[in-house]
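According to Swiss-Prot, the feature active site, nucleophile maps to 52, an assignment based on sequence analysis. Residues or ranges marked as substrate binding site in Swiss-Prot (evidence: sequence analysis): 113.
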């Protein structure tokens, strides 16, 4: 039974998240329905990351097993045709046959995320579902300085959801950079894995630094508190993009 790796792009605005759920449409469910329409097979696909409602992806990775072999470009194009027919905001960017031991989630060695903030007085029209609108000037250099306190191996209890199901709050952040281009501020994060709501918690707290409400050292103090109450407000989902997975 051949195994295929799919690289997936999606607009998460109208989905309950990546994972199949009973309370609304999911990205996983949309792809599984497309596979069923194409092949007649009921499959369960596994993604590299379980993005929340409203979170987007430009490089989510998933795998699935099919009973017959497919030319990979045919599989990609056929799935995209079925997704388009169902008016899904999901696109298969690439399909590749992989060894049976490949696992989209557990074989990953690094995940890359981007959080976008647009800092300007005027509300967003075109970018309203793809960035966090902050109607004031932010000091991105102070935000970047603060972010470096979060790089490395730490207990991130402060920056994970109270509903996080991970066994341990310990994670290693390889990269957390804040840059600015005009009115766009980008927060780029890299790690092998992240905790639930971790990046959005980072972004919300870094915004406080950018506003001057916190100093960079205040972020370090929040980290060391190991207390969810020490976290700033969680940033909204629309600014978060799952960019890439390394294997």
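From the backbone N, Cα and C atoms, a Cβ is placed for every residue, glycine too.
The recorded positions considered are 52, 113; of these, 52 has the fewest other C-beta atoms within 10 angstroms of its C-beta. Separation of the C-alpha atoms of residue 113 (substrate binding site) and residue 52 (active site, nucleophile): 13 Å, rounded to the nearest whole number.
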